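Q: Quick paste of what TrEMBL says about this protein:
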TRANSMEM  B:6-27  transmembrane segment
TRANSMEM  B:39-60  transmembrane segment
TRANSMEM  B:80-100  transmembrane segment
TRANSMEM  B:112-129  transmembrane segment
DOMAIN    B:129-432  domain 'NADH:quinone oxidoreductase/Mrp antiporter transmembrane'
TRANSMEM  B:135-154  transmembrane segment
TRANSMEM  B:166-188  transmembrane segment
TRANSMEM  B:244-268  transmembrane segment
TRANSMEM  B:312-334  transmembrane segment
TRANSMEM  B:346-366  transmembrane segment
TRANSMEM  B:378-397  transmembrane segment
TRANSMEM  B:409-438  transmembrane segment
TRANSMEM  B:461-481  transmembrane segment
Amino acid sequence: MWIEALIAVTLASAFAVFLAPNKVAGKLAFALSLLPLVGSLWMYSTYEASGNALLEGSELAFESNFEWVTAGPYALNWHVGLDGISMPLVALTTVLTSLALLASWTPIDERQSQFYGLMLFLEASLLGVFSALDFFVWFVFWEMVLVPMYVLIGVWGGPRRKYAAIKMFVYTNIASLVMFIGFIALVFGLGDSVTSLDMPAIAQALRAGELGGLGPLSAGTLKVAAFVAMFAGFAVKVPVVPFHTWLPDAHVEAPTPVSIMLAGVLLKMGTYALLRFNFTMLPKVAQNNAQIIALFAVISVIYGAMLALAQSDLKRIVAYSSVSSMGYVILGLVAYTLYGMGGATFQMVAHGLISGLMFMSVGVIYNTTHTRMVSDMSGLASKMPFTVAVFVAGAFGYMGLPLMAGFAAELFIFLGSFGAFAGSVWFTAAAMFGIVVVAGYLLFAMQRTLFGTFELETDYEVGPAAFHDVAPLVVLILLVILLGVEPSIFYTMIQDAVNPLVPAAGGGV
Amino acid sequence: MAFQLPTWMALGPTFVLGLTALLLLVFDSITPNATSRGVLSGTATLGSLVAVGLSAWYLLAGTGAEPIRLYQNSLVVDTMTLFFAFVFSSVTALVSVASYDYLRDHSYQAEYYALVTLAATGMTLMAAANSLAVVFVSLELASLPSYALVAILKKNRGSVEAGLKYFLVGALSSSIFAYGISLVYGVTGSLLLPEIANNLAAPELTGVLGLGIMMVLGGFAFKTASVPFHFWAPEAYEGAPAPISAFLSSASKAAGFAVAFRVFLVAFPIEQLVTGAAASVDWVLAAQILAVVTMTLGNFAAATQDTVKRMLAYSSIGHAGYVLIGLAALSGGNNEFVLAGGMSHLLVYGFMNTGAFLFIALTEYWSIGRNFEDFNGLASQAPFACTVMTVFLFNLAGLPVGGGFMSKYFLFGAAVGAGFWWLAAVGAINSAVSLYYYSRVVKAMWIEDASGEFDIESKPVGLYAALAAAAVVTVLLLPGFGPVWQYATDAAAALVA
């Protein structure tokens, strides 16, 4: 019942904050968000499970499974549980939410209670996405994420917020629909061999080859069609080039805390779902088309990095770099090796922390200088040394400097994908080149904005940021280093859940 | 069983609603001008709540599990009757509470509540009708008060015009319906639904029978605001007082479907009409065409509207199209689930759609304009009402914030299961379109900046209470969908068996 308690406490907090007066909403929301944070950390420390949530012979942590609606082939169950893939993401969600709430105190200056209420509502939905094991429950949470996000960007965002919010909403909702149709087609293709939408049951039935045809579609065509529909649906969320155009708009217009949640957790929904659905349920299709998927991944890495190189807005630079980083995740997944898939999952967490760190520090710089244009500022290091130091540390993390989380993740991915399938050497080499570009644009941007003589085209006084603005940055940088020095904190757990998926370990079908 | 209620008590919800209407008329005749709004609205609410309670109690006690036949089998109380009685009386209760504020300065208060409860009586009777004669009478009992209710804002030209239009179309379709009944009677020699089915083997008059069935279908299309008899609906819903729009688009529509389900399944079994000796008309095919056209027309027309109330009116036509899938996907071997999908969508719809129209009632009460732009920035002034409205709209669109998603999922899923995946696909595309226009309202309320000052001088208790109740039920129907689905499948199973 711990997962239910976690979600319920967060939802109840959201309502409490929604009704609280504006003045106290921020502090109340932060205080209340500590409950799920402590809860998830406690769950983490007592976590005891083995194997992959969707495969046979696994033992899940905090699992519960109740009948909800019984209706022949349409039965729904409340089924939640955690394995080594979802546990780190649940922890990541609670950590980032609390820090993002702290980072909201300065920039959010109107309708606070609504803002903080929606942030907590968002957290509850995300926790649900990462713990649900029934497709229906999962989809409910998946769609629930959109509603607060839409309002959060649309009300508290920048000048083009309405456009960005609607674009995000329309893109990702249509994607969900496409994915939904793909998945439901699979379920109907399975016919009588499944009696509910239980994801483990469906995954096992699919892997056991019980899929029949559907209408005019043969089983083989149905598999590929469903794979494509689900991949397209999740690729928008990730986002994979060319489905990425909503992301920079959403990022640039969203207020800092929302950007943190968007890059840190929301994008992981896409890769998490890809791992759970496409790569776990239809491994054969994925393996047969590895080159095509890897091509998407590499294009995302290189093209995202190139786009970042061309930006003049600090936030846009960070936003496009997310496209690039998530490309690595796809590459790791398609490798189907222990290191590849494990590294991909590790990268989800690592990128969550690092991108959160980057957006937060850009936010702190913006709060002080009121500009994000690279050309408008120079030599910030002399005025706000601490913030700048953290920004540099985050950028190093992004570049994949050893002993930081990003390095561990990317190393695993490259180790895993190198030689994993025909042609993978070339894909890996091309993706590795992305690191060079990343280092290029980050160093270039830092050199122009942070160092040199101080110059700023703005009317605002520039000084060190408030304690509550820098505190979350410190927490994040410590976490990034911790994960870089000691990857096994998460990695053993992740490996244990990923291993059954890997063909070499006898998991491939 | 220590104590057994007399069998006529099975019609309890109908009697309670009818007596409430009479009681209201008595109040009015004692003190025509002095009866307070509170007493009238309170009586109507209390009466409908008792009806809600009775139907819920009967359902829980399993009263309808074995159909109770009354008055020489011309009325039947089974799970479906009670299921729909629950829907009608819930909507009536919400509307009665909300009308307390809405009717603040209007005349004909007692008549208003009496007409609402009378129409509700007719609707519960429709759900119980087991003879075409009773179907006709109860349909008229539900319709005639509705005409008057639409036109009750006598000084408002829109209201009067809408009432007139509604009445004219209604009269026309009533006569078509009555003619259809007479043709069916002529061929089968009976008005009782089960007997019609028994007498269907009369091959020499199949053409007449087919014509009669199509005319009956037309009558239902009018009542449920389905294409091609839909064009009264946008006018009537827009011109009527908003609580009445809620009442008509939720309860009245559900009543039309309740009786259509029973008549077509019991009296005109599709196997006999397509393949048997009486092969005359494939009304399932007709329902398929109706469903596709109705949802598409409703949704695309809704997407192009300028006023919110009219948008909701067209979207309600779209929802009629979804429910028609319940009839259209029959004969696919999954009848029970398809029909249950339609029924449970009507139940959820009863709450979410009523809620949305009651929000319109609230904005009319505040004299906020009718266009989308007039709602700009309303959330900063009335965050609670706007949150609730957001819940309704996302539910109507089928996002999983409440029961709306559940019922649509089951409906479309059952259609796919019956092999009609193309019906589900059209439904899904329409749902995607509907998200566009529903979220326009959400966008206006939350995201746009207010263009002017709102004149929100008070927060009416009645309207707020009704909105809150509808929202709570709508959301709770997500986790609590189990029993709804259970009763709907039970009811459907009894019909298709």
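Note: Cβ is positioned from N, Cα and C throughout, glycine not excepted.
Just so you know, TrEMBL annotations never went through curation; they're auto-generated.
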Q: Same chain only, please: residues at least 6 beyond the ends of the transmembrane segment (B:112-129) with a C-beta under 8 Å from a C-beta of the stretch. Say none if there are none.
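A: Cβ under 8 Å, 6 or more out: 11, 13-14, 17-18, 20-22, 24-25, 28, 40-41, 43-44, 47-48, 51, 74-77, 80-81, 83-85, 88-89, 91-92, 95-96, 99, 103, 106, 135, 137-143, 145-146, 148-149, 152, 244, 247, 251-252, 254-256, 258-259, 262.
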Q: Which of B:6-27, B:244-268, B:312-334, B:346-366, B:378-397 has the most Cβ pairs closer than 8 Å to the transmembrane segment (B:135-154)?
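A: Comparing B:6-27, B:244-268, B:312-334, B:346-366, B:378-397: B:244-268 has the most Cβ pairs near the transmembrane segment (B:135-154).
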Q: With Cβ-Cβ distances below 8 Å as the criterion, list the same-chain residues six or more beyond the ends of the transmembrane segment (B:409-438) that contact it, or say none.
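A: Contacts with the transmembrane segment (B:409-438): 288, 291-292, 295-296, 299-300, 302-303, 305, 311, 315, 318, 321-323, 325-326, 328-330, 332-335, 337-338, 340-342, 344-345, 393-394, 396-399, 485.
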Q: Six or more residues beyond either end and a Cβ under 8 Å away: which residues meet both conditions relative to the transmembrane segment (B:80-100)?
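A: 13-14, 17, 37-38, 41, 44-45, 48-49, 51-52, 54-56, 58-59, 63-64, 112-113, 116-117, 120, 123-124, 127-128, 241, 243-244, 246-247, 250-251, 254-255, 258, 261-262, 343, 346-347, 350-351, 354-355, 358, 361, 460-463, 465-467, 469-470, 473, 487-488, 491-492, 494-495.
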Q: Determine which residues of the chain contact the transmembrane segment (B:312-334) at the Cβ level, with the cut-off under 8 Å and only residues 6 or more beyond its ends counted.
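A: Sequence-remote neighbours of the transmembrane segment (B:312-334) are 224-227, 230, 233-234, 237-238, 245, 249, 253, 257, 260-261, 264-265, 270-271, 274, 283-284, 287-288, 290-299, 301-302, 305, 341-343, 345-346, 349, 353, 356-357, 360, 396, 408, 411-412, 414-415, 417-420, 423-424, 427, 430, 434, 437-438, 496.
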